[in-house]
Amino acid sequence: MSSRTNISCLQEAKRVAIFGGTHGNEMSGITLVNMWIQNSAEIERNGLVVKPFISNPRAVEKCTRYIDTDLNRAFTPENLSAPDVEGLPYEVQRAKEINRMFGPKGSSDAYDAIFDLHNTTSNMGSTLILESSTDLFNLQMVHYIKKAMVPHTCSVLLNEHPQLKYSTTRSVAKHPIGLEVGPQPQGVLRSNVFESMRTILKHALDFIELFNSGVEFPPCTVDVFRVQERMDYPRDTNGNITAMVHPHLQDCDWEPLNRGDPMFLTFDGRTVLYEGANTVYPTFINEAAYYEKQQAFMTTCREILAAYAIRKACK
Amino acid sequence: MPTVSRVAVCGGTHGNELAGIYLVREMLKKRADGTEPVSVVTVMSNPRAAQLCVRYVETDLNRCFTRAALSAPVSETSPYEMIRSQELNALLGPKASAQAVDLLCDLHNTTANTGLCLITYSDRDWICLHICKHLQREMASTPVRYVHFDIPLNEAYSLDSVGKHGFAMEIGPQPHGVVRSVIFSAMQEGVQLMMDWICQFNSGTLFEGGWVDVYTMVKNIDYPRDSETHVITAAVHPNLQDRDFCLLHPGDPMFLCFSGETLRYRGKEALYPFFINEGAYYEKGVALSLARKRRVQIPSVL
């Protein structure tokens, strides 16, 4: 008769946080969060509480990615359960504190949604990062944001890869969403990138307000790029890179890379070709922070995820 | 004019400006065999900063070459870069002496959309101006410009002031901590063309005189800031972002405040902006620099 049996009833999202400065040199999120801490009018919505928060204040003060270790890799079970002792790396202490304030991760007391604001030196445009292909709330939100941003495009990156997935700051929440906007150099604030991030958040908060007010969102599909593999630079025996991202690949995030396409250009002028069997869609191409993580770019494959209709659960 | 017989090429003066760092590493791999017509010293200026991929460890090395800084007493507890600037001065200078290298080329990158700039303290150094003209002629796809800071030698603060002739070869846009192949190639080509010019000059080739546009720095403009917290309240306006060396007229948009307001250029004189939104200059209170352009006539040289 009707498809009403396929509606998921989900809890309201009453407690929402916006994190800036998880990396202390990614300026859009730092600037937005500091602005909203001063004056929160723009992020206020009926039916929810939105908390702007600087996740790594010491790194922000030094305008550096991190002090001791990358905060956005620090939310592992080992770290979160580490005893409070002297000599813990700053970011591990911070992860435990954030887990206390906004988690505990995995529990029913955790914040409903956390938006974690990032910039990249890669030409990724506006990107939303998901960690689960089955989080209906997030899928519906991402669908809503993409539609609202038209004609601007918003790509969706899904990192559900068992080895490459990492323990992010936002993962303490029930619904973690990463916002990644580039290209922007570290330590630089570009107006267009700042305004794009601001607009994405506006739509995200509008979605949550509508959802909490009882609006039903019909079934939808979301085009995503699913993380496949990390590709490192060619290196010498001392670990130094011996080539750069090839000019044909540089800035071509989300565009198909086929077998035989140029991938790297060595310092002495030789081209290294992509040898993979299948077409992939590279992203995070030439991100400054990933040289030390042995990553020149990530490969992804395209996928269409389906989401059931959702609405707020009745009390 | 005397030959240019000793040349220094320096990279990594800022440890996160990667094109120069990788170029110097490549040049160091190629051992000189003694048959080169010009003696080239290749130097990694700030190896500790390069190792950490940071601009500097304690203080900006490229501000440590004033006469005062070079003659200040240093000890083990002095900032690393103060010690290092004196080491570099001993190696490549001493500044303002007859022992200094003939030409010092210091490699830099910027997050600003500057193309290739030769930045120097003189607007009548015929060697630097001719090298600029040569690069402009030979580099098809990269804009090449000559930028002049009118500062007397004693107060000149950067490494390039150590050589008898010198310039920073600055190429952007490139984020700090990133090497972009197009930028690396442009820098490699720029250095090669500079060496070619020097060899030709030394062997008696006549270079015709002509004209070079010289951009002389007039002033810096800071971001608008909150009077209490000093935090910036605007970003470079989208109409100005990436428009280095496009004439800025009185009334043109300069900043877009987070509140939505547009702030406009209030100067009386149209000037040429450059170093627009350089990441390292936020802490120096500089959003952009402004320059006056004029044509300088250069004589033939041989």
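These residue numbers are counts, starting from 1, taken along the chain as shown.
In case you wondered, yes, glycine gets a Cβ from its N, Cα and C as well.
According to TrEMBL, the protein carries these features:
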ACT_SITE  B:GLU170  active site, proton donor/acceptor
BINDING   B:HIS14, B:GLU17, B:HIS108  Zn(2+) binding site
DOMAIN    B:5-197  domain 'Succinylglutamate desuccinylase/Aspartoacylase catalytic'
DOMAIN    B:212-293  domain 'AstE/AspA barrel-sandwich hybrid'
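Annotated features, which come from TrEMBL, shown on the structure.
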{"residue": "B:HIS14", "record": "Zn(2+) binding site", "Cβ contacts under 8 Å, 6 or more apart": "B:ASN46, B:ALA49, B:ARG55, B:TYR56, B:ASP60, B:LEU61, B:ASN62, B:HIS108, B:ASN109, B:HIS176, B:ALA280"}
{"residue": "B:GLU17", "record": "Zn(2+) binding site", "Cβ contacts under 8 Å, 6 or more apart": "B:GLY11, B:ARG55, B:LEU107, B:HIS108, B:ASN109, B:THR110, B:GLN174, B:HIS176"}
{"residue": "B:GLU170", "record": "active site, proton donor/acceptor", "Cβ contacts under 8 Å, 6 or more apart": "B:HIS108, B:ASN109, B:THR110, B:THR114, B:LEU116, B:CYS117, B:LEU118, B:ILE119, B:VAL147"}
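Across the domain 'AstE/AspA barrel-sandwich hybrid' (B:212-293), DSSP helix (H, G, I), strand (E, B) and coil residues number 3 helix, 34 strand, 45 coil. Counting Cβ atoms from all protein chains shown, B:HIS108 (Zn(2+) binding site) has 26 others lying within 10 Å of its own Cβ. Compute the center of the Cβ atoms of B:HIS14, B:GLU17, B:HIS108, which mark the site for Zn(2+); besides them, the chain residues with Cβ within 8 Å of that center are B:GLY12, B:THR13, B:ASN16, B:GLY20, B:ARG55, B:ASN62, B:LEU107, B:ASN109, B:THR110, B:GLU170, B:HIS176.
The average pLDDT computed for the domain 'Succinylglutamate desuccinylase/Aspartoacylase catalytic' (B:5-197) is 96.
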